[in-house]
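Trainee: Let me begin by handing over the structure; questions about it come next.
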Protein chains: 2
Amino acid sequence: LPLRPRDTVHVVAPSGPFDRPLFDVGLAVIAERYSPVLRPDLGSAWRYLAGDDSRRAEELSHALLDSSARAIFCARGGYGSARLLPRLPLADAAPSLFTGFSDLTSVHAALQVLGRVSIHGPVLTQLGKQPPEVRDYFFRLLESPEAPPPLTGTATYVPGTAEGHLVGGNLSVFATLLGTPYLPPLDGAVLLLEDVTERPYRLDRMWTQLRLAGVFSRVRGIVLGDFTACEERGTDYTSGDVLRDLARESGVPCAAGFPIGHGALNYPVALGTHVRLDADSARLTFLEGAVRA
Amino acid sequence: LPLRPRDTVHVVAPSGPFDRPLFDVGLAVIAERYSPVLRPDLGSAWRYLAGDDSRRAEELSHALLDSSARAIFCARGGYGSARLLPRLPLADAAPSLFTGFSDLTSVHAALQVLGRVSIHGPVLTQLGKQPPEVRDYFFRLLESPEAPPPLTGTATYVPGTAEGHLVGGNLSVFATLLGTPYLPPLDGAVLLLEDVTERPYRLDRMWTQLRLAGVFSRVRGIVLGDFTACEERGTDYTSGDVLRDLARESGVPCAAGFPIGHGALNYPVALGTHVRLDADSARLTFLEGAVRA
């Protein structure tokens, strides 16, 4: 269902501990439009986690089950949500829209296994730094049943067009779903990938795992978002060079440079909805909205 | 078959480019005992690879097929061997013993899928730095049909004992085999894991992938080698703390601190042979040799 202003929304921290001032800026953006609810222990920290597994699982489980809420926003990515997957009540989740990216790719995937649509979009520590056009696009995606405007990338790696449901997210998190029950349906999909601070040989290693697992014989197209801070110093090749070669080997239509991920612009997109990729013009067209009227 | 002095052995570089002086020291160790053959383009470098996929695949394929050779040694790990797996003639490989570790974990796994024994042991750039007791242990393992002496670790993470065939190697490479056809047989196995320069949250992420993929409900025991340079600065926990907690969650008998991996001592062990882990005394006993008389 579309969100309306003042709807109740949950704010959760299922991954890493976060910077509170940055989080507060993002929370204020949400609070201007909706009515966020959050637990007082949201700001917990334990090692590289926003509190132990019990705290994070209880918080996210409650948010998923609450049918009075219309959306779930995440404080930050980092690492940790995959640890919770076996204890989340995913099959009983209310129809609220889960949002987030990066480490939250694992939650998106687990929801998509169950046929759910969710929003690959900014976390709260990132939202405050996003310009008004991204915020407005986010609110429109949450509130309107219409397909959002298309997004454009900057490069064609493999020409061609593809149409299918959108899957994926963070490459390093997506790769860790291989071999588990949480890999989303891939046949006929358009695969979105982005990442941050992964050196080129690591991008190759993760992409090669996808290749050996048969992912590129199942998906129809590849949309590459930002690969932020992925360069290796002192080399004569870029992460873009490596990704272009990997895409060409994979042989699937692929365009790169979409404003999605850890960069200055993280346009939200609805995973599980049908999209059309025109790799020749590096254009991603949305064939439906994230919510139904 | 056991190796004999002056036997022909192959030296290959299926992964990353390597430091030539270090390699030459390791090669000299091998050449004192056997007759190494190697291609003149072994020292090629292309980005983070020891030459392009064709060069590396041809080199390794020829070594695997050569029934006149008795063992295969690798120049270095790094990254790159998984890229070659679909084009290697693994099913037709001669009975020579493949040796190596780190990135070569992917080749070990692919051989083990076919029921082959191979040696998780030093690469040539590491061999020159290993003390005589490790070198002698290596030669003995290659040449004697008898079970080698047991190895001891330094810590019990989960008490108990386990017996089974040895699988595994480098954690980050092993995790990238999940979901692919190259995951070795795990039921009833004793799982060896080691790694280098992986921050604790990354160790958690990879271990969690193994958990979600059901690995710890299939293996009977876990042997942890060195986790070298895996500490995160400015934290109040160590990689050992994280691994101990992960092992306890997994519930499988586990001992740590074995002299296996990227540290000062990398004792070779035969993957695919039967071993007994006594986690209480952190002792790994070998029930058979790597070769048959």
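Positions of Cβ are set from backbone N, Cα and C atoms, glycine also.
Sharing the record's features from TrEMBL:
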- A:9-121: domain 'LD-carboxypeptidase N-terminal' (DOMAIN)
- A:SER102: active site, nucleophile (ACT_SITE)
- A:163-277: domain 'LD-carboxypeptidase C-terminal' (DOMAIN)
- A:GLU194: active site, charge relay system (ACT_SITE)
- A:HIS262: active site, charge relay system (ACT_SITE)
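Buried or exposed, and what's around them? Tell me for each listed feature.
Mentor: If you draw a 10 Å sphere around the CB of A:SER102 (active site, nucleophile), it holds 28 other CB atoms from the protein chains shown.
There are 27 other Cβ atoms within 10 Å of the Cβ belonging to A:GLU194 (active site, charge relay system).
Every protein chain shown contributes to the tally, and the Cβ of A:HIS262 (active site, charge relay system) ends up with 20 other Cβ atoms within 10 Å.
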Trainee: Between A:GLU194 (active site, charge relay system) and A:SER102 (active site, nucleophile), what C-alpha distance do you get in Å?
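Mentor: It is 8 Å, counting Cα to Cα.
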Trainee: Mean pLDDT over the domain 'LD-carboxypeptidase N-terminal' (A:9-121): what is the value?
Mentor: 98
Trainee: DSSP-wise, what's the residue breakdown of the domain 'LD-carboxypeptidase C-terminal' (A:163-277) into helix, strand and coil?
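Mentor: Across the domain 'LD-carboxypeptidase C-terminal' (A:163-277), DSSP assigns the residues as follows: 33 helix, 33 strand, 49 coil.
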